[in-house]
Amino acid sequence: MRSWTSPALAPLPASGLPLRLHDTRTGRITPVVPLTPGTARLYVCGITPYDSTHLGHAATYHAADLMRRALRDSGLAVEMAQNVTDVDDPLLERADRDGVDWRELAASQSALFAEDMEALRVIAPETYRSVSEAMDEIIAVVLALHARGRAYPVEAADAAGPDWYLDLAADGALGDVSGWSEEQMLAVFAERGGDPDREGKRGRFDPLLWSAEREGEPAWDAGVLGRGRPGWHVECVCIAEEGIGLPFDVQAGGSDLIFPHHDLSAAHSVALGRPFAAAYAHSGMVGYQGEKMSKSLGNLVFVHRLVREGTDPMVIRLVLMAHHYRSDWEWTDGELDRAAERLKSYRLAARRGDHRPATVEALRAALRDDLDTVRALEALDAWAEGGSSSGAETDPAAPGDVPTAMDALFGITLQS
């Protein structure tokens, strides 16, 4: 699947200092030490392409983009994989509602997402695969789990054959990533795609591994499991393994994926006898009109609509930078006005052309400290006002080109 064209990367020499990132699993901020020396490997969960990119999506992929920029600045090569969930219930339901082929809907919305990412100057992943493209690999993994005795059937009245579930019992307690109690899990499992009360399941949190073919739905042949389509969680395991290998360094995504998706993706990998991710970094939720911004609620602010109405994409990035990536925050129309004023002041400051190594170092220090964009903006505001957040400039040989640093570290170009 075509992703998008990456922006030209500004030529800022690497600092060589490590990124320190909050790991959801441990609850601590620790340095990212690659499992493969010299190369950091990241996986970010992709969209289900049945609607346009909203600011909640943008916040997630902005955070992942900052991670790879920070890792690049630390002197590492970076390999990233990202999926597109183009075979899933919400997409199939939307296609049926609108009377279009599910493949056409997925293709059109994936193309729009790519346009939005390109406008926001997000670096494209090295591996970008849809579920439908990766179906052969997914089926191979599902059959491998069956061969290991980890899959069991549950009768489905509306299908010709049974659905298949992953038996989690052999691996002990669920929740290695989230650390949640069973009560916390049950509170959200059903609304996030689970079916804890389905008759015939061995465990309430056992995830759907292979859904039997239903009338009007796409289906593929999975040998002894019959025709059908994969469950959600196994898909990311397969695309990650194919793209960057298992285990990898950082799993990224929105905080609404901590449970069940990331807990259960890790459980699938463990069931295969392979570790999954070394660390987990999750971005907060963006709210609007008092609720989490989501397709199901319809309270969405779309990136492409803002851009088409004349909003500079760099203003959108500055809106996202104004909130720490792990924070939940509420969108208001005033966010754009404040960010537009910031961008204007930065462009005026860039025309001065003064050399400020301390500002560049302040930007780097903020980014490598758990992607602290709020602190970075404080340094940029001081620079724009003609001052410095870090004292006098004493080393004229140090990198001091603030616009280049903004581009390389934060993806912000001051070219108008």
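Cβ atoms are placed via backbone N, Cα and C, with glycine included.
Per Swiss-Prot, the features are as follows:
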{"type": "BINDING", "residues": "Cys45, Gly46, Ile47, Thr48, Thr60, Asn83, Val84, Thr85, Trp232, Gly254, Ser255, Asp256, Val286", "note": "L-cysteinyl-5'-AMP binding site"}
{"type": "BINDING", "residues": "Cys45, Cys236, His261", "note": "Zn(2+) binding site"}
{"type": "MOTIF", "residues": "47-57", "note": "motif ''HIGH' region'"}
{"type": "MOTIF", "residues": "191-196", "note": "motif ''ERGGDP' region'"}
{"type": "MOTIF", "residues": "292-296", "note": "motif ''KMSKS' region'"}
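Locations of recorded Swiss-Prot features on the structure.
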residue	record	DSSP (3 states)
Cys45	L-cysteinyl-5'-AMP binding site	coil
Thr60	L-cysteinyl-5'-AMP binding site	helix
Val84	L-cysteinyl-5'-AMP binding site	strand
Trp232	L-cysteinyl-5'-AMP binding site	helix
Ser255	L-cysteinyl-5'-AMP binding site	helix
His261	Zn(2+) binding site	helix
Val286	L-cysteinyl-5'-AMP binding site	strand
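In this structure, the CA atom of Trp232 (L-cysteinyl-5'-AMP binding site) is 8 Å away from the CA atom of His261 (Zn(2+) binding site). Across the motif ''ERGGDP' region' (191-196), the DSSP tally of helix, strand and coil residues reads 2 helix, 0 strand, 4 coil. Annotation: Cys236 carries the greatest number of neighbouring Cβ atoms among the binding-site residues Val84, Cys236 [cut-off 10 Å, Cβ to Cβ]. On its own chain, Val286 (L-cysteinyl-5'-AMP binding site) has His54, Leu55, Gly56, Ala59, Lys292, Met293, Asp328, Trp329, Glu330, Trp331 as residues at least 6 apart in sequence with a Cβ closer than 8 Å to its own Cβ. Take the CB of Trp232 (L-cysteinyl-5'-AMP binding site) and look out to 10 A: across all protein chains shown you find 24 other CB atoms. Within 10 Å of the C-beta of Ser255 (L-cysteinyl-5'-AMP binding site) we count 17 further C-beta atoms, all protein chains included.
Here the Cα atom of Val84 (L-cysteinyl-5'-AMP binding site) is found 9 Å from that of Cys236 (Zn(2+) binding site). For Ile47 (L-cysteinyl-5'-AMP binding site) paired with Cys236 (Zn(2+) binding site), the C-alpha to C-alpha distance reads 12 Å. Within 10 Å (C-alpha to C-alpha) of Cys236 (Zn(2+) binding site) lie the following binding-site residues from Cys45, Thr60, Ser255: Cys45. Just so you know, the Cβ of Ile47 (L-cysteinyl-5'-AMP binding site) picks up 23 other Cβ atoms within 10 Å once every protein chain is counted. Residues within less than 8 Å, Cβ to Cβ, of Cys45 (L-cysteinyl-5'-AMP binding site) and separated from it by at least 6 positions along the same chain comprise Gln82, Asn83, Cys236, Gln251, Ala252, Gly253, Gly254, Leu257, His261.
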